[in-house]
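Peer 1: First the structure, then my questions, so here it is.
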Amino acid sequence: MNSFNIDVITLLPKAFELIKNLGVITRALDKNLINVNLHDLREYGEGSYRQVDDKPYGGGAGMVLKPGPIFKAHESINKFPKSKTLLMTPQGKVLKQKDFVRWSTLDQIIIICGQYEGFDERVRCLADEEISIGDYVLSGGEIPALSIINGLTRLLPGTLGDPDSLVNESHNSPLLEHPQYTRPQIFRDMKVPDVLINGNHKEIELWREERMLKRTIKRRKDLIKNEFCDLPIDEYDGDDWLWDL
């Protein structure tokens with residue numbers, strides 16, 4: 001089995017040292033399931049000072065990443081047949097679980113991390129997709145890139161100790177995951193639901209399916225409006241036609 005290749009263009013390669021101690025990613029690295037290659041943007045900087053940024057045309061606050069160093073870094077990367085370049089930007093489409101599933105069928109992803117006030121607009125032509133992890137702004141693209149590496153790696157065969165743990169996770173379906181409990185059975189007067197300890201697997205499965213639907217409607221109606229358009233989802237307040245969570 002060939003390794004999945006992840007190339008990251010960044011001004012802060014040290015930010016990715018964390019992956020050496022993240023269980024799932026560390027396991028994948030040890031098994032050669034993934035290769036993570038960091039490309040320090042500073043090494044492709046221009047002039048004796050290896051400049052990577054400059055003032056924006058038209059004025060404005062902050063500095064903008066120059067196109068030259070990013071293009072050089074991207075061109076230096078060996079491209080695999082099935083490869084996509086992802087540009088980390090708060091202007092991109094919001095990352096979804098289905099994106100990880102799509103990318104897991106590739107040979108390679110190349111991630112470009114922004115910094116400062118962003119990057120020269122011409123950098124966008126390098127990207128197959130522009131990705132955001134939410135409607136907020138961070139100081140750089142490194143944290144979003146780490147999120148992508150983590151979410152993608154755990155889908156690769158051989159990474160997780162128990163592959164079945166992926167099946168019922170939140171966002172693998174339109175529904176959020178059901179509540180989970182472990183020992184002790186009673187903790188500070190909070191008791192595990194009886195149905196989970198009665199040994200009736202059909203009742204347990206029904207209970208879980210009901211909780212998945214109810215939890216999703218109560219917390220993330222936006223995930224299921226298209227799936228359950230015949231139900232009065234917008235009218236649900238947690239106390240009427242569905243049980244409380």
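Glycine too: its Cβ is placed from the backbone N, Cα and C atoms.
Annotations for this protein, taken from Swiss-Prot, read as follows:
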- GLY114, ILE133, GLY134, ASP135, TYR136, VAL137, LEU138: S-adenosyl-L-methionine binding site (BINDING)
Peer 1: Using Cβ atoms only, which residues of the same chain lie under 8 Å from LEU138 (S-adenosyl-L-methionine binding site) while being at least 6 residues apart in sequence?
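Peer 2: Same-chain residues close to LEU138 (S-adenosyl-L-methionine binding site) (Cβ under 8 Å, separated by 6 or more) are PRO90, PRO144.
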Peer 1: Let me make sure I understand the structure: which of the binding-site residues listed (GLY114, GLY134) has the fewest other Cβ atoms within 10 A of its Cβ?
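Peer 2: Lowest Cβ count within 10 Å among the binding-site residues (GLY114, GLY134) is GLY134.
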Peer 1: Cβ distance under 8 Å to TYR136 (S-adenosyl-L-methionine binding site), same chain, sequence separation 6 or more: which residues?
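Peer 2: Counting only residues 6 or more apart in sequence, the Cβ neighbours of TYR136 (S-adenosyl-L-methionine binding site) under 8 Å are PRO90.
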Peer 1: Measuring Cα to Cα across GLY114, ILE133, GLY134, ASP135, TYR136, VAL137, LEU138, which the record gives as the S-adenosyl-L-methionine binders, how far apart are the two most distant ones in Å?
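Peer 2: Binding-site diameter by Cα atoms for S-adenosyl-L-methionine: 16 Å.
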Peer 1: Under 8 Å Cβ-Cβ from VAL137 (S-adenosyl-L-methionine binding site), six or more apart in the same chain: what's there?
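Peer 2: Sequence-distant Cβ neighbours: PRO90.
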Peer 1: If you draw a 10 Å sphere around the Cβ of ASP135 (S-adenosyl-L-methionine binding site), how many other Cβ atoms fall inside it, taking every protein chain shown into account?
Peer 2: 7
Peer 1: What's the number of neighbouring CB atoms sitting within 10 A of the CB on ILE133 (S-adenosyl-L-methionine binding site)?
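Peer 2: Other Cβ atoms found within 10 Å: 19.
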